[in-house]
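*Asks:* Take a look at the following structure, please.
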Amino acid sequence: MATEASTSAAGGSWVEGMSADNIKGLVLALSSSFFIGASFIVKKKGLKKAGASGVRAGVGGYSYLYEPLWWAGMITMIVGEVANFAAYAFAPAILVTPLGALSIIISAALADIMLKEKLHIFGILGCVLCAVGSTTIVLHAPQERAIESVAEVWDLATEPAFLSYAVIVLAATFVLIYYFIPQYGQTHIMVYIGVCSLVGSLSVMSVKALGIALKLTFSGMNQLIYPQTWLFTIVVVACIVTQMNYLNKALDTFNTAVVSPIYYTMFTSLTILASVIMFKDWDRQNPTQIVTEMCGFVTILSGTFLLHKTKDMVDGLPPTLPVRIPKHAYDASEGIPLRSTAEGIPLRSPRATESFRSTL
């Protein structure tokens, strides 16, 4: 009898249904995706409005802090993040994180309606591939590891494998911030998104630790007396502040409908990797489940490739005309690459147009 119960718990059969905690985590994660997806659009509108009367966030400005619309988007995102925070306390990260795919659909749909940022047909296919890959991972996710104290999470976080991962992440983040962003931040979307995703993988591990601590505290086992709880809190705050700063720069510089899925894909992949290293999720799975999850990763990466390669392409243009924005197409007043298709695609540079007219 005990053997059968153990086998059932380890297998995590979705046919037999999810546990009450997993259902709570699922509902919270879905709600989080809705709020976060909508917040991208509201914040982008606030950034554009603030940029019209001040220095844009993409070039180091902070005028958006005085824009009520941006704060409305921030509050919406905070609500989503709180729901996401609660979800990690009830369900494993490998189940909660991929459900962020819903935010891609919401963000892309609202960007099309409110911001007039059009996705190429292959961009839509990329979104679908991201969602399919995420679903594959969710359906084969391992069961949550039983943890009885925040000290146990601290022991997992200080093992050599995860410490090595954390050092690599921090080193890569500093290289991106101090070397690549000054040179490529305005032209390469992966730079800003890379910082957000790398730091985000560490923040999720800390959020999960803090969520477990609060869950145990509310159940009668006070975890606030442990210093580890407060150390995880400090890490969460530092990571979230860093993420928000560079996410604002990415949203202000590039097309929202592209930022959202690429950020989701990188963030999800790195978070699952961190969870596998820290909580040893794959130790409780058979080879078939692991291979299926890897196929999900490949599907997500395929979707990211399509989104990245088609971010400047527009449907409906004659095949003889260029469908990518020329590298020399810049906003004369700010020197920022024109990324949003809503602003139109210049077929020649202003200087070339002036020369052409002078010959008439």
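For all residues, glycine too, the Cβ spot is worked out from N, Cα and C.
Whatever TrEMBL says is automated annotation, not expert-curated.
Not my notes, these are from TrEMBL:
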type	residues	note
TRANSMEM	23-42	transmembrane segment
TRANSMEM	62-79	transmembrane segment
TRANSMEM	85-110	transmembrane segment
TRANSMEM	122-142	transmembrane segment
TRANSMEM	162-181	transmembrane segment
TRANSMEM	190-213	transmembrane segment
TRANSMEM	225-246	transmembrane segment
TRANSMEM	258-278	transmembrane segment
TRANSMEM	290-307	transmembrane segment
*Asks:* Is it the case that the transmembrane segment (122-142) and the transmembrane segment (162-181) have 3 or more CB pairs under 8 Å, with pairs at least 6 apart in sequence?
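*Replies:* The transmembrane segment (162-181) and the transmembrane segment (122-142): touching, no.
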*Asks:* Same chain, outside the transmembrane segment (23-42) by at least 6, Cβ under 8 Å from its Cβ: which residues?
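*Replies:* Cβ under 8 Å, 6 or more out: 69-70, 72-74, 76-77, 79-81, 83-84, 86-91, 95-96, 99-107, 110-111, 114-115, 251, 256, 259-260.
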*Asks:* Test of understanding: applying the rule of at least three C-beta pairs under 8 Å (pairs 6 or more apart in sequence), is the transmembrane segment (85-110) touching the transmembrane segment (190-213)?
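*Replies:* Yes, the stretches contact each other.
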*Asks:* Which listed range (62-79, 85-110, 225-246, 258-278, 290-307) shows the maximal number of Cβ pairs under 8 Å with respect to the transmembrane segment (162-181)?
*Replies:* 258-278
*Asks:* Report the listed stretch (62-79, 85-110, 225-246, 290-307) having the maximum count of Cβ pairs within less than 8 Å of the transmembrane segment (258-278).
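*Replies:* Between the candidates 62-79, 85-110, 225-246, 290-307, the best contact partner of the transmembrane segment (258-278) is 85-110.
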*Asks:* Can you tell me which parts of the same chain pack against the transmembrane segment (290-307), counting only residues 6+ beyond its ends and a CB-CB cutoff under 8 A?
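*Replies:* Those are 94, 98, 122-123, 125-137, 140-141, 258, 261-262, 265-266, 268-269, 272, 282, in sequence order.
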